[in-house]
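Here is what TrEMBL says about this protein:
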{"type": "DOMAIN", "residues": "C:82-286", "note": "domain 'ABC transmembrane type-1'"}
{"type": "TRANSMEM", "residues": "C:39-59", "note": "transmembrane segment"}
{"type": "TRANSMEM", "residues": "C:80-106", "note": "transmembrane segment"}
{"type": "TRANSMEM", "residues": "C:126-147", "note": "transmembrane segment"}
{"type": "TRANSMEM", "residues": "C:159-179", "note": "transmembrane segment"}
{"type": "TRANSMEM", "residues": "C:207-226", "note": "transmembrane segment"}
{"type": "TRANSMEM", "residues": "C:238-260", "note": "transmembrane segment"}
{"type": "TRANSMEM", "residues": "C:266-289", "note": "transmembrane segment"}
Amino acid sequence: MAIQVSGITKRFNDFTALDSVDLEVRSGELLALLGPSGSGKTTLLRIMAGLESPDAGGLLLNGEEALGLKPRDRQVGFVFQHYALFRHMSVFENVAFGLKVRPRGQRPSSAEIRRRVAELLELVQLSPFAGRYPAQLSGGQRQRVALARALAIEPKVLLLDEPFGALDAKVRKELRRWLRKLHDDIHITSVFVTHDQEEALELADRVVVMNQGRIEQIGTPAEVYDHPASAFVYEFLGQVNRLDCTVEGGIAHVGGGALAIATDGGVQGPAVAYVRPHDLGVTPAAGGPARISGIHVVGPDARIDIDLAGLALEAEMDRERLATLGIVAGDRCSVHIDRARVFAR
Amino acid sequence: MPADTVTGTSVPMPPVRSALSEPGWVRILLIGGALLFLALFLLLPLVAVFAEALHRGFDAYWTALTEPDAVAAIELTLIVAAISVPANLLFGVAASWCVAKFDFRGKNLLITLIDLPFSVSPVISGLIYVLLFGLNGLFGTYLRDMGIQIIFAVPGLVLATIFVTFPFVARELIPLMQEQGSDEEEAALVLGASGWQTFWRVTIPNIKWGLLYGVLLCNARAMGEFGAVSVVSGHIRGETNTMPLHVEILYNEYNFVAAFAVASLLAMLALVTLVVKTALEWRFGDELAATRH
Amino acid sequence: MVAAGSGAVAAGRESAVTVRASLPLFRKPSVLPGFGLTLGFTLSYLGFIVLLPLAALILKSSGLGWSGFWAAVTTPRVLAAFQVSFGLSLAAALTNAIFGFLVAWVLVRYDFPGKRLVDALVDLPFALPTAVAGIALSALYAPNGWIGRPLDELFGLKVAFTPLGIAIALTFIGLPFVVRTVQPILQDLPPEEEEAAASLGASRLQAFSGIILPAILPALVTGFALSFARGVGEYGSVIFIAGNMPGLTEILPLLIVIKLEQYDYAGAAAVGTAMLGVSFVMLLILNLLQQWMRSRHAR
């Protein structure tokens with residue numbers, strides 16, 4: 001099912017959580033809403049679920065106006081950030097809840113409910129835990145119960161609020177892969193909220209980068225990472241060197257002329273150039289303008305601190321390349337920029 | 001405002017750290033002092049009630065309890081509690097629902113007003129109803145013409161009891177429900193539950209022990225209240241005397257055995273209340289607001 | 001307020017949400033149902049049970065006019081009752097501050113057999129009906145009672161039917177307030193501060209007065225204030241042991257009852273209003289004092 005958000009605006013007192021947001025979620029895709037806290041991503045998700053109502057704007061679920069509908073009539077599955085499992089119900093009862101509360105006419109028989117719940121617990125690999133209570137489960141298991149519970153009502157859309165936020169790093173990674181695989185299997189239109197760029201880039205078909213109630217960019221993970229549409233996206237996604245510069249005739253001059261970067265035009269005057277550490281090349285040169293001020297080896301990669309006429313830069317390369325270059329801290333070198341983006345200041 | 005609900009019983013002792021411990025004799029002296037004080041001020045009065053009640057033997061005790069006026073007082077006490085406790089239970093649940101689950105203007109004022117009856121003297125709690133519904137009260141003439149009697153009758157007893165036990169359930173439930181938040185209710189609504197289904201299947205099971213705790217304290221106070229009901233009762237034997245009032249009459253007539261016999265029933269109620277309350281705190285401490293701090 | 005509440009609820013159901021933005025935002029919209037119903041019931045119940053009757057009290061005493069009110073609450077008998085009620089409540093609250101702290105300390109810091117039982121027993125004054133406490137204390141401290149007789153014979157000290165008896169009843173009633181406010185604070189006191197003090201060479205007594213006491217003082221003051229406020233209003237546990245001699249052992253609540261029995265409704269209302277007023281002002285002062293202490297300790 002597709003979701004269409006048009007001109008949604010939401011204010012909490014003086015704070016604007018969402019400022020006229022337009023977004024289309026395509027049927028069957030896994031979409032990430034990525035942004036720092038306060039960017040409005042959770043509010044947008046809650047509006048889709050019907051847990052909040054916007055001050056203005058429209059929402060279409062599968063082409064039908066949905067703002068007037070109560071949450072129960074929207075056929076959405078919602079996974080809460082802290083799971084919101086019913087603490088006094090067992091895993092089985094939690095998953096069965098959405099079926100048991102249906103009006104008498106639409107309620108499946110109890111045998112049917114048992115079968116469906118067993119199926120779902122099988123899907124989330126929790127069959128042996130049906131009789132346990134939420135307090136007796138690990139974080140990752142609770143997360144999967146929450147997912148099974150949301151899927152039990154056969155929703156048309158799955159909405160997940162920071163689904164891995166409360167888990168430790170290792171479990172988070174495992175669950176991420178597992179959720180991607182699950183989505184590939186059942187292909188339900190899914191939207192998840194995260195502040196973790198790695199999570200968004202690894203998991204999603206498309207990423208929506210949000211900031212201060214607005215959408216900064218929408219694109220595939222490769223698009224948003226390789227071609228950030230704004231300075232914000234550049235700074236928010238991955239490590240980046242931020243260099244003040246002046247653009248004259250398509251050339252950006254950094255650090256009083258120590259470095260020149262070709263731009264794709266359009267910008268004139270004071271500007272900021274963004275350079276990814278791995279787009280910054282280092283060549284040893286005895287009389288070079290720059291100096292290696294430090295080298296930090298982190299696992300397979302090396303981070304190199306460079307001092308270019310008082311300007312601190314960071315470059316990144318694998319250890320093999322570092323060994324080939326044979327540079328050590330204190331060496332002089334020259335730097336060149338493979339790729340950069342320049343935004344007017 | 002009683003701190004009945006501010007207890008810390010179920011928390012285990014912190015491990016003894018040697019730098020933080022006093023010399024043995026100081027410890028023994030302090031423990032001894034505290035226990036002596038408690039024995040003298042709390043335990044001895046309790047023992048005295050039963051000793052006085054039974055000092056003419058069990059037969060005299062039983063006679064005092066089965067005498068018609070005593071039975072009438074027991075019945076009246078049960079009736080008053082049976083009306084006022086459910087009333088305050090209903091109020092407590094409604095008040096905590098709107099206070100804990102919603103944000104609205106004037107919420108803090110509302111919480112303060114709910115606590116207000118705890119800071120009003122019991123006698124004043126009775127007095128205000130006399131001023132409203134008594135013969136010389138605001139609505140006195142009107143009520144007399146209508147043939148309705150509130151003061152010196154059961155309705156007055158119920159009203160005064162409701163007033164003094166007003167906050168018990170609400171003040172236990174409000175912090176509990178605030179702490180639990182609305183996530184589970186929202187989850188239920190998204191899963192298709194109606195408002196009532198959400199309330200009965202999600203909210204009530206989550207607060208049931210806190211609810212029981214509040215009702216327990218509310219009931220103990222409702223059955224034991226003296227000052228407020230004393231003002232509105234009129235002290236008509238066998239008609240408007242609750243157990244505490246009956247105790248007073250008997251005591252003032254120097255019928256000590258009977259007075260203490262009825263008092264011993266109230267003391268037993270207090271002991272049962274304490275036992276159940278302590279059991280709830282031990283067993284379900286993490287599901288009560290009262291044991292958090 | 002009720003009307004505004006249901007208005008907001010109605011607006012919430014519509015999808016034409018622009019309407020709501022122009023309304024004063026009385027409450028934050030929520031998807032949970034039942035706001036209008038529960039708030040409406042809460043306010044009506046509160047209004048009928050608590051606010052309307054309390055308003056009747058103020059109304060009745062204002063019927064006297066300012067000079068009449070002043071005259072009613074400044075008769076020698078009323079003034080004496082004020083002195084008895086507030087003075088003895090103060091004495092009892094001070095006693096409780098000391099012994100309540102001792103009890104809380106022993107319960108939190110030490111282990112001894114029967115500790116849980118003792119802990120549960122502390123709540124007895126909350127659970128025991130005041131009239132029962134009253135006749136029990138009165139029987140104990142009467143000249144022929146278990147405690148009253150030895151005190152009388154050995155020291156010539158009379159307790160029942162004297163101000164001392166009232167103070168004892170008020171101590172009984174107020175004790176749990178101090179214990180139950182100090183206990184959790186003492187429990188949560190981080191041991192590191194005391195260990196730091198010990199490692200810096202402070203004695204136990206210095207650590208107590210320099211570290212522990214300042215940290216729990218706000219709670220102790222709260223407990224004291226609660227105990228005091230309860231004492232001023234207390235009726236049932238006092239009247240049996242007090243002797244109720246006008247000017248000497250007559251407490252304010254009893255005076256109200258006596259005025260009522262004499263059909264002096266306005267007088268009773270005036271004394272009640274004055275009593276509420278004085279209690280309110282004293283609690284306000286204690287609250288401010290407490291806030292000041294807290295901010296000092298936080299720094």
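Glycine residues also receive a Cβ, built from the backbone N, Cα and C atoms like all the rest.
Please treat TrEMBL annotations as automatic predictions, because they have not gone through curation.
It should be emphasised that the depicted structure is a prediction, and the values quoted were computed from it without experimental measurement.
For the transmembrane segment (C:266-289), same-chain residues at least 6 beyond its ends with a Cβ under 8 Å from one of its own Cβ atoms are 57-58, 60-61, 63-64, 68-69, 72-73, 78, 81-82, 85-86, 221, 224-225, 228-229, 232-233, 252-253, 255-256, 259-260. Beyond its flanks by at least six residues, the transmembrane segment (C:126-147) meets 158-160, 165, 168-169, 172-173, 176, 234-241 of its own chain at Cβ-Cβ distances under 8 Å. In summary, the transmembrane segment (C:159-179) lies against the transmembrane segment (C:238-260): three or more C-beta pairs, each 6 or more positions apart in sequence, are under 8 Å. The stretches the transmembrane segment (C:238-260) and the transmembrane segment (C:80-106) meet in space: the count of Cβ pairs below 8 angstroms, excluding pairs fewer than 6 apart in sequence, reaches at least three.
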